[in-house]
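Chemist: Take this structure first; my questions come after.
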Amino acid sequence: MRGPLGAVIGRYPSSDGSDQMGSIIKHNRKCRDLVFLVIFIAFWVAMIVNSSFGFNQGNPLRLTYGLDYKGNVCGDKHANPGLRELELKYWLNPNQVYQSGLQDTQFKLADARSICLIDCPVPSEDTLNWVCDYPEGDIRLSTDDWIDRNYDYFEFLTPEMRNSSLQLQGPCYPVIFPSVNVYWSCQFIARPSNSSLKHWQQMGGVNINQDMIIDKSIHRSINSQSSVLKRYMADIGKSWPVLLVCGGIVPLFLSVIWLLLIRYFVAAMPWITVALFNILIVSVTMFYYLKAGWIGNDAISPIIGEHDPYIRVVGRELHHLRAVAVFMTFIMVVAVLTSIAVVRRILMATSVLKVAAKVIGEAQALIIFPIIPYTILAIFYMIWFSAAFHLFSSGQVVQNNCNLNCCAYDLASKQVNCDRCCGYSIRYTPHIGVAIFFHLFGCYWVTQFFIASSKTVIAGSVASYYWTRGETSGEIPFLPVFSSMKRLIRYSLGSVALGSLIVSFVESIRFMLESIRRRLKVSGTTPNNWFGKAAFHTAKFCLSCIEWTIKSVNRNAYIMIAITGKSFCKSSAVATDLIISNILRIGRVNVIGDVILFLGKLCVSLSTALFAFLMLDTHRYRSAHNKISSPLFPVLVCWGLGYVVATLFFAVVEMSIDTIILSFCQDSEEHQGTAQYAPPLLIETLNDQNEMQRLTQGPNDIP
């Protein structure tokens, strides 16, 4: 049975029965849900151990650059020889590339002999160019001299070495095909240089295969799912200044501006929010169309640097952008139609936001409080992203297990060696996948934990304001925000950990089920009969409803945790009972207020996405070393970070409304329908006859 909240957090009679009033919000509090706080701390320790594994085993360079035939990562200054500026992977033997592209072949491109270069070689118009292996043994050249000579020391070779080179066994190999830099790999173009080929034949070189297969073999490797995923992760690392500005500074600035506008221009903000939302979602969708090549000539290209304009190379990234553009079109249409429908309820939203504006005006520290969890999360995200890059690249570099005939001249042993012709690959063990999933889940749980903590602090501050009639007395701290924060840290961190864990767990289950659905769809094993499809979509809908319900219950549970100091489960029960008892009173108001706040969050996050598009469209991220493969992932990450920041700051308004309404409902129940603790600032709004009819019955029911 729910007890009177006034006796818990308001002014209540002292133990001797006199009229002397007791303390505020400090009555009968204990540490709650300590087991889940211990679990959360243990989870943090496990995340530190998990991240240390990534830092020890990972190398983020693997996300961008390939491996040479020695197992070195191109661009790695610690390799042997040092490859600091040698970032492009080049396959020396064109016949091996051709062979790897044949159907039913045992030869894989990963076993073809490859080295790291600064730029992709091109055939000569009047002679034959050579690309020779790393200088060692009797080749008395430094790496710098080798680079200055365009990787060519053919003139220094002995007759034996020259004959081996003419057999495509090295140490020097002819440049017959032009190549272009495609995502830091030299993509062969299947149009051999007639002049170079003629010189090669005159020198007695072996036959070189000519076919489109030589194009497709490398292109297939570059566009594999694992390669694309690595490039997406590398894009996030390369665009860290964009994430810092558009995922951190811009949403911080916009969120504070939005709160100030709510404080001083509350009547206009719902209209501004709806109009701005429509403009931003159309703008972001148009940017996706622009980068997908459906508008203008600014489509993303997998080719890095200058190249022959007649060469057309298309990567998976472009297809992904086009798919997202289509999805964004659907979202844009639905969002615009929904916002038009919401316009009819704008007046109701304005009356609800007035309540929050009044509270923010009295407790102005609420506006700047979210900077505290924002700073903590910003530090956490910087460490988390760094650990994520290392975890995603923490596979072991191992030599392939192959039984092939691919002899090559070994400069160290001064002979042709056919024993070690297998290349190197990065092997990912199953425990790395588990570590990555654990890392992702940890990020979501920690984010939910700090958002929940912020909401609980705000709810406690607003409750202090409400249950003392908005008066400033000696019993109320000068800064109720910090008093509420102290109560949270001392008593309720375990309850917050439990609530955030429930949300994270349900969201993770939904994500895994969605991944399974996509895999089944790709493999063609989804149910084809109407009953199977209906059951599948019903399960998906029910899970979404459960997720929404849990998030809603959690939010109100945090209010009751801040007010009563009870455990999470008891607070959820009290909040649910109070909501059900007053569903007609608060249901419609909460829905409209939540819609406007949700649109506000989307305005901030869409603005960050728009700024991210503009920053990524500069020369820095479109060419050379810092070129990103696609703006898709950096923009989505900025969008997500912007939404998290907006959620932290908009919780001030969101929790103010919910706390005030729940407190008002409880106050009314305790005092036979007449709220006794509502401060004068709120009575003007909540006790207005027309306003009360709108809150309890809705505008259509007013006679």
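Here the Cβ of each residue, glycine as well, is placed from N, Cα and C on the backbone.
So TrEMBL has the following annotated:
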- 34-55: transmembrane segment (TRANSMEM)
- 240-262: transmembrane segment (TRANSMEM)
- 268-290: transmembrane segment (TRANSMEM)
- 321-343: transmembrane segment (TRANSMEM)
- 363-384: transmembrane segment (TRANSMEM)
- 432-451: transmembrane segment (TRANSMEM)
- 488-513: transmembrane segment (TRANSMEM)
- 595-616: transmembrane segment (TRANSMEM)
- 628-653: transmembrane segment (TRANSMEM)
Chemist: Tell me, please, if the transmembrane segment (628-653) and the transmembrane segment (240-262) are in contact, taking contact as 3+ Cβ pairs under 8 Å between residues separated by 6 or more positions?
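Modeler: Stretch pair touches.
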Chemist: Do the transmembrane segment (34-55) and the transmembrane segment (321-343) share at least 3 Cβ pairs under 8 Å, sequence separation 6 or more?
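Modeler: Since fewer than 3 Cβ pairs under 8 Å link them, the transmembrane segment (34-55) and the transmembrane segment (321-343) do not come into contact.
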Chemist: Quickly jot the same-chain residues contacting the transmembrane segment (363-384) by Cβ under 8 Å, restricted to those at least six beyond its ends, or write none.
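Modeler: Residues packing against the transmembrane segment (363-384) from afar: 51, 248, 252, 255-256, 259-260, 263, 439, 442-443, 446-447, 450-451, 453-454, 457-458, 461-462, 465, 479-482, 485, 641, 644-645, 648-649, 651-652, 656.
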Chemist: With a cut-off of 8 Å between Cβ atoms, can you find at least three pairs linking the transmembrane segment (321-343) to the transmembrane segment (595-616)? Only pairs 6 or more residues apart in sequence count.
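Modeler: These two stretches do touch.
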Chemist: Taking contact to mean three or more C-beta pairs under 8 angstroms, with sequence separation of 6 or more, is the transmembrane segment (595-616) in contact with the transmembrane segment (268-290)?
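Modeler: Contact between the transmembrane segment (595-616) and the transmembrane segment (268-290): present.
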Chemist: Using a Cβ cut-off under 8 Å, which residues of the same chain at least 6 positions beyond either end of the transmembrane segment (268-290) come close to it?
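Modeler: Counting only partners 6 or more residues beyond its ends, the transmembrane segment (268-290) has Cβ contacts under 8 Å with 258, 261-262, 296, 298-299, 321, 324-325, 328-329, 331-332, 335-336, 339, 342-343, 346, 349-350, 353, 596, 599-600, 602-603, 606-607, 609-610, 613.
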